[in-house]
Amino acid sequence: MGKDQKDLKRTTPQLIESRNFETQTHYITTSDGYILTVYRIINPYLRHKSSDLKPILLQHGFTANSDEFLVSRIGSIDANGKYSEDNRVTDCNRLARVGKTLGFVLSACGYDRKQVLNKSHDTRPQRGSPLLRVGKTLGFVLSACGYDVWLSNIRGNKYSTNHTTLDPKEDHHFWRFTIDELSQIDLPVIIDYIRKQTDKPKIGYIGYSMGTTLMFALLSSQPEYSGVIDPFIALAPVVYLSRLPKYLKQFTILEPFLRAFPMPLIRFGYLRKLTTEILSGQELTDHMAYMNAMAAHLIDESSTLVLSHYLQMISNDNFGRYDYGLSQNLYLYGSPKSPDYPLANITSHRIAFIESPENDIFSGHEDLQRLKSELKVDLLMDYRIPDNKWTHVDYLFHNRADKYVTK
């Protein structure tokens, strides 16, 4: 079995260690008893400088897990601390010097990579060696280039199905969670845990797809986190979904059923498969080279209520808390309707967008413009990928992800 085939069955720790990095596993218990698993990538050649590394949290998307930031390409870090993919060396100095997207944002936020990547750890390739300007696999590129990378797993996926009292296989109450619980409970407890472990007052955050939804919900409802997250890099921002194609909007008819029966999406095999195909965009043939990796690592579990929550946002044309119905809304919110998340409360000037509205059906032009208009702060960066065929999944897997995303 080839190395790429072995990746199909590897877990997050196995993926990390197969690239010659080291891993730590952290278990975090939420206020409502969910036990979340968070992984940390350890660069063995920078371990002695751990206190200098800037912590960055990578947050996965819907029906996914921490694997998605690790499986784009086969790579490894060598005995000199140089990370290579496809036999080409990642030049971290180039990332700091000429990066247009992540490189620019991270440098703009005051992190001096020179303090970490000194002469004894020069990541520049030797003269005559092939150069991959920056690697494609986000988690490993960041770790190799001097960042303290943490990988989140929110409640419900295969790494976070433990609970202090509930059995996910037997108790449907385990699956009673929505975007509200993910953003208001899971995300802040993970952020605070990382701050405590690293003794750093601020951390960086890179959210992909639903990972952006959760952060916008958190920053709008708990604005004190605007002073904690520095920067917030939004890959494929998903907040408003009013401009979805008609064939997707028709699935809103399922929302009352999903709301009535909270359970894992895996019990709706067709619905789960459809969700994954939709997330990949309509041009799946463009991704055949890595469809096996996508199928093995990007199709994970979530609750029917999370999908129900997204469908509510589509039907109501809003970005709001979960609508439980009249009586429960009155009890929880003091109002017959669920409130919107107040995006105008966000005070951070350290938010960067990386977007492709032409062909990303979940992050279209009009919905992005609406989001930007409701934010009362200037963006640190607003980068549009210059490829009108770029789909929602391409941020992690495209052959040019090194050019348009990780650089």
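Note that Cβ sites are derived from N, Cα and C of the backbone, with glycine treated the same way.
In TrEMBL, annotation is done automatically, which means it is predicted and not curated.
The annotation active site, nucleophile is assigned in TrEMBL to Ser209.
Residues annotated as active site, charge relay system in TrEMBL: Asp360 (among others).
Per TrEMBL, the feature active site, charge relay system maps to His392 (among others). For His392 (active site, charge relay system), other Cβ atoms within 10 Å of its Cβ number 23.
According to TrEMBL, the feature domain 'Partial AB-hydrolase lipase' maps to 13-72. With DSSP states grouped into helix (H, G, I), strand (E, B) and coil, the domain 'Partial AB-hydrolase lipase' (13-72) comes out at 16 helix, 23 strand, 21 coil.
The domain 'AB hydrolase-1' annotation in TrEMBL covers 142-224. Each residue of the domain 'AB hydrolase-1' (142-224) gets a DSSP state, and the totals for helix, strand and coil are 41 helix, 13 strand, 29 coil.
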So what pLDDT does the domain 'Partial AB-hydrolase lipase' (13-72) average out to?
93
Would you mind ranking the active-site residues Ser209, Asp360 by how many other Cβ atoms sit within 10 Å of each Cβ and giving me the lowest?
Asp360
Roughly how many angstrom lie between the C-alpha atoms of His392 (active site, charge relay system) and Ser209 (active site, nucleophile)?
8
Express the distance between the Cα positions of Ser209 (active site, nucleophile) and Asp360 (active site, charge relay system) as a whole number of Å.
11
